[in-house]
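First the structure, in the form of structure tokens, and then the observations on it.
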Amino acid sequence: VGFKAGVKEYKLTYYTPEYETKDTDILAAFRVTPQPGVPPEEAGAAVAAESSTGTWTTVWTDGLTSLDRYKGRCYHIEPVPGETDQYICYVAYPLDLFEEGSVTNMFTSIVGNVFGFKALRALRLEDLRIPTAYIKTFQGPPHGIQVERDKLNKYGRPLLGCTIKPKLGLSAKNYGRAVYECLRGGLDFTKDDENVNSQPFMRWRDRFLFCAEALYKAQAETGEIKGHYLNATAGTCEEMMKRAVFARELGVPIIMHDYLTGGFTANTSLAHYCRDNGLLLHIHRAMHAVIDRQKNHGMHFRVLAKALRMSGGDHIHAGTVVGKLEGDRDITLGFVDLLRDDFIEKDRSRGIYFTQDWVSLPGVIPVASGGIHVWHMPALTEIFGDDSVLQFGGGTLGHPWGNAPGAVANRVALEACVKARNEGRDLAAEGNAIIREASKWSPELAAACEVWKEIKFEFKAVDTLD
């Protein structure tokens, strides 16, 4: 018989340097740190095997299928410059290994058991190339950037948001009041914090009602369309959908979901509901740093961002480059492009390992949030451009005169930066001067400038390119 029992080296089956990748393959770039004594070919082949058809020993049932058709293949290995014993292993997966339209299934295979594999000291998924054939099985973002602008009637500038603080402990009525003050002052959006769900001090239904009242009042007073990201995240999918339905009945424009803690299955269901019912969907990435912050193990955020674009969301938090949370500039701009653009060229200097064509899947607006204030406005406008949401939580609510003046200060600073940019001025070089000029005719901005003139979050990023 052709069956030969026993353990054989992975590389004999799964390391295929001569393989030419197909347009329909899902391609993955792994950063592999093998255990001492394990050659890189064996480590790369082990990753390909354990994340596709392989197991630790030859099995009789291998003969009942065509491994050549279904196996993952490690087709290229390169050492990581400046690191000893660390390699980038490229793996190609045949499309048939994955259920259509399921980010959950894709991740279960590609980043499943293999990450606990003993022959590896550490493993990190750096990037994925999603083939067009697979992308076409996903709905993607409920609406996308252009439709959102049309719904909100806001063009030619970044949008402004604010997370309501203190994040936990306010009653629904006081929470709604804070929302109203911010929106009336000139912000486009306010936001539930990611951990505001339905707690004893503020149940979700009360919050939804008071926030809806606040945004309609602010809308009437300012003549601008306003939104509040109502967090629909809940303990069960059914409860989450119930909250989304209630938000739709209130007629609000946007709801929110924590997509990593809530899970991709729940997120995809919610995104489908949002498209069917005209709701925008704001996505918060709570838990991402558990997965993506370590340089040699886990999964890079650009992979989580691609997965979100497939699963569906209209906004996603994407770091600030200048605030209090982790984020290297080139890397951040790399995945910001992956979220917004239709076609992204391979560019290793920005951490992009593969050329990605999104075949007209709608884009996602990146949200800059975390420790930013008016002095950061020129840098943020320059780094993120118009298609972004800039969120100032403490940077609005921490204003010495209150929420509405805090909102005014941010709006004045933003309009000044956009005007200066449109006149051809260099925001990077002249940013401080632009803010100072604007503060001369805005007492609210002048007060904000005074409060935050010394605040900096100067720490080196942990996850850098080199």
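The backbone N, Cα and C atoms fix where each Cβ goes, glycine too.
The substrate site recorded in Swiss-Prot comprises N113, T163, K167, R285, S369 together with one of H76, H315, H317, namely H317.
Listed in sequence order, the residues T163, I164, K167, D192, N195, V196, Y229, N231, M256, H284 complete the 8 Å Cβ shell around the Mg(2+) site centroid, once K191, D193, E194 themselves are left out. Between the farthest pair of Cα atoms in the substrate binding residues (N113, T163, K167, R285, H317, S369), the distance is 37 Å. The closest partner of K191 (Mg(2+) binding site) among the recorded positions, by CA position, is H284; the full candidate set was K4, N113, H284.
Here the candidates are the recorded positions N113, H284, R285, and by Cα distance the one nearest K165 (active site, proton acceptor) turns out to be H284.
Between the binding-site residues D193, E194, the minimum number of other C-beta atoms within 10 Å of a residue's C-beta occurs at D193.
When the recorded positions K4, K165, K191 are compared by the number of other CB atoms within 10 angstroms of each CB, K4 has the fewest.
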